[in-house]
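Visitor: Please find one structure pasted underneath; my questions will follow.
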Amino acid sequence: MTQDEMKKAAGWAALKYVEVDSIVGVGTGSTVNHFIDALATMKHNIKGAVSSSVASTEKMKALGIDVFDLNEVSELSIYVDGADEINAHMDMIKGGGAALTREKIVAAVADKFICIVDNTKQVDVLGQFPLPVEVIPMARSYVARELVKLGGDPVYRQGVITDNGNVILDVYNLKILNPKALETQINAIVGVVTNGLFANRGADILLMGTPDGVKTSTN
């Protein structure tokens with residue numbers, strides 16, 4: 001099984017958690033694109049979706065899935081999204097695609113967070129993948145200095161503007177032993193919109209594509 005085939009298996013496995021007549025929270029990324037393809041097969045049985053990015057919105061609309069603004073929706077039963085890293089406690093690093101803030105907002109609304117990944121994303125300790133931090137542009141240098149104080153090496157992601165008009169700092173060389181505490185600490189830096197640690201709101205269900213099929217874990 002190739003990596004993409006494992007992603008596809010995980011994406012399609014999430015379809016069984018979609019309820020008839022519901023609005024589905026949909027994330028962003030290569031694994032989520034497989035879920036969107038799967039979701040399109042039952043588009044007539046759901047009300048539609050809420051999207052975490054312009055890219056996912058465009059893909060769903062092209063496939064005929066109705067997309068709602070989150071402000072129109074008071075509840076979501078599930079949010080389906082991928083991760084750049086996930087540990088045994090279902091804490092995650094997300095934001096490689098720069099959609100972390102909207103992803104975190106939609107995840108906060110949903111009753112259940114279903115994380116879909118291939119087995120290369122599972123780690124013992126978070127931090128090998130650089131931690132994305134979304135920053136108000138004028139605060140970039142200040143936030144970078146504060147992140148250095150935390151032991152990280154922040155790098156400005158050149159040429160990337162988020163859907164919210166902000167910039168991304170990717171923080172390297174963090175060994176994240178307490179994800180919840182670090183998520184809170186970084187978010188308290190003035191000028192930070194949010195960071196890519198999803199620990200205070202981690203995943204509830206993990207669907208991991210492996211060479212032996214999709215493995216399911218619950219939190």
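Any Cβ shown, glycine's included, is placed from N, Cα and C.
Annotations for this protein, taken from Swiss-Prot, read as follows:
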BINDING   T28, G29, S30, T31, D81, G82, A83, D84, K94, G95, G96, G97, K121  substrate binding site
ACT_SITE  E103  active site, proton acceptor
Visitor: Measure from the CA atom of E103 (active site, proton acceptor) to the CA atom of D81 (substrate binding site) and give the result in Å, rounded to a whole number.
Guide: 8
Visitor: Neighbours of the substrate site T28, G29, S30, T31, D81, G82, A83, D84, K94, G95, G96, G97, K121: Cβ within 8 Å of the Cβ centroid, same chain, sequence order.
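Guide: Those within range, site residues removed, are G27, V32, V117.
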Visitor: Tell me, if you would, which residue among T28, S30 (binding-site residues) has the fewest other CB atoms within 10 Å in the structure shown?
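Guide: Counting other Cβ atoms within 10 Å of each of the binding-site residues T28, S30, the minimum falls on S30.
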Visitor: Give me the CA-CA distance between T28 (substrate binding site) and E103 (active site, proton acceptor), in Å, as a whole number.
Guide: 8
Visitor: Which value in Å gives the longest Cα to Cα span across the substrate site residues T28, G29, S30, T31, D81, G82, A83, D84, K94, G95, G96, G97, K121 as recorded?
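Guide: Answer in Å: the longest Cα-Cα distance is 15.
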Visitor: Measuring Cα to Cα, how far is A83 (substrate binding site) from E103 (active site, proton acceptor) in Å?
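Guide: So the Cα of E103 (active site, proton acceptor) lies 11 Å away from that of A83 (substrate binding site).
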Visitor: According to DSSP, does A83 (substrate binding site) fall in a helix, a strand, or coil?
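Guide: The three-state answer is coil.
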Visitor: Counting only residues 6+ away in sequence within the same chain, which have a CB under 8 Å from the CB of K121 (substrate binding site)?
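Guide: Correct list: G82, A83, D84, E85, I86, M208.
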Visitor: Round to the nearest Å and give the CA-to-CA distance linking S30 (substrate binding site) with the residue listed as 'active site, proton acceptor'.
Guide: 15
Visitor: Could you tally the C-beta atoms, other than its own, that fall within 10 angstroms of the C-beta of E103 (active site, proton acceptor)?
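Guide: The answer is 32 other Cβ atoms.
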Visitor: Could you state the whole-number distance in Å separating the C-alpha atoms of G96 (substrate binding site) and the residue listed as 'active site, proton acceptor'?
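Guide: The separation of the Cα atoms works out to 12 Å.
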Visitor: Just going by other Cβ atoms within 10 Å, which of the binding-site residues A83, G96 has the emptiest spot?
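Guide: Least crowded of the binding-site residues A83, G96, by Cβ count within 10 Å, is G96.
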